[in-house]
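*Asks:* Before I ask anything, here is the structure I am working with.
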Amino acid sequence: MGNSIIKKDISRKLLIVSLFQSFIQLVVLLYFFGDEIKIIIQHWVRKLNIKLGWIHDFDKLIVNYVTFFLIQLFKEFCWTYQTYIWSIDHSTLNGGQFICSGSSDKTVRVWNINTNKLIRLFNRHSNCVYCVKFSPYHYYKNRCSVICSSSADKTIRFWDFKNNRQLQVFNGHTSAVCGIELSQFNNGRYLCSGSADNTVCIWDIETSNPLHVFNGHKKCVRCVDISPLQSNNTSNDNENNSIGVIGGNGYTICSGSFDTTIRIWDIETTKQLIAFNGHKYAVKSVKYGSNELGNICCANTILSGSNDKSIRLWDIRSGQQIQIFNGHTSDVNDVAYSPFFVKSRNGTVINSNVICSGSLDNTIRFWDIRSSKKELYVIKGGYGVLFAFGDEYISMMYSLKFIKIL
């Protein structure tokens, strides 16, 4: 039943965008008949109400199409450049869909999904680009199409990819900036960053100023997230809090570190609220849950992935670990709560309680948060379309993202 849910929802307009370490040349097995598959699947997805338990061959075709869509998008890049792609993000702007990437060749690149074309390349970073995000603040304020990137060169930069220019540079960290996240309140005006200098910093994009530095981690801060929801103990949302974050009362920051801990910081008081211990090695990814996922329980959880090969689910209210998911055979580099929803036979929308993880073992795995049993479904990097020239080359998953393809 679980496998059918995952496969059905993949067929329902969702694409798992996974970027693999591409210092190799890739062969697209479906190259010569990809257009036919694309036409067929797009027609079926639009016109048919696919039932649970659909034939296995159709499931395989769906997965092949999804993977083919991805490879077609990045075929030119993978063929030309030998580089690690560390991060991706997706956004819909002015009716168009775009993907951006940050990589070890020091560049930030932007693709137009509608045309499958690389439209921008920014190369003013002087070291690896570890994280990229589309900036909602610039779009809401000035309708500018802007990407934010963080780098091993210690800087955070903003790029206007419509007008092909650099807008802002944030300096302040004393070592590589590994992870960034933008606030969901105040239209994304605030940015949080985690650095190899062991600190977490919050910035005001409007003024380009750092507002506060959070200290406590003993090693590199690899990943950060900002809570999508306020806690109950909030004051007037329009008031400034103690560090000048407008509308930031009740929101928190989550950070994951090479010191194996996950820490929660209060944006209003700047104090550390919780330190989660349990991972045995570096924490590579952290994500807040949200009740927008259709499961109110998710709103009080944090999901994490680690070099100890595990995925863990934590309860913010109790400060305790809820579940541990084992199955990956190498580092877990990224985790996500899936946006999958399932309709029952009577039409009721049921949240599928699914999370997703990407690993250096070259797999994407899906798990049920209600159970720590074996994964629901596994997508392998070599499934159906990806092959490498030579046995010495291995494709590895560094970043994943859910997007709509129709």
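Note that Cβ sites are derived from N, Cα and C of the backbone, with glycine treated the same way.
Curation does not apply to TrEMBL; its annotations are automatic.
Okay, so TrEMBL annotates it like this:
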{"type": "TRANSMEM", "residues": "14-33", "note": "transmembrane segment"}
{"type": "REPEAT", "residues": "96-121", "note": "repeat 'WD'"}
{"type": "REPEAT", "residues": "122-169", "note": "repeat 'WD'"}
{"type": "REPEAT", "residues": "170-213", "note": "repeat 'WD'"}
{"type": "REPEAT", "residues": "249-275", "note": "repeat 'WD'"}
{"type": "REPEAT", "residues": "276-324", "note": "repeat 'WD'"}
{"type": "REPEAT", "residues": "325-377", "note": "repeat 'WD'"}
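Tell me what's around each of these sites.
*Replies:* Shown for the repeat 'WD' (96-121): DSSP residue counts in helix, strand and coil, namely 0 helix, 18 strand, 8 coil.
Model confidence over the repeat 'WD' (122-169) is summarised by a mean pLDDT of 95.
Note on the repeat 'WD' (170-213): DSSP counts are 3 helix, 23 strand, 18 coil.
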*Asks:* Residues sitting near the repeat 'WD' (170-213): Cβ under 8 Å, six or more positions beyond its termini, same chain?
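*Replies:* For the repeat 'WD' (170-213), the sequence-distant neighbours (Cβ-Cβ under 8 Å, at least 6 residues beyond its ends) are 127-128, 130-131, 133, 135-138, 140-141, 148-158, 219-226, 228, 230, 243-248, 251, 253, 255-257, 265, 267, 270.
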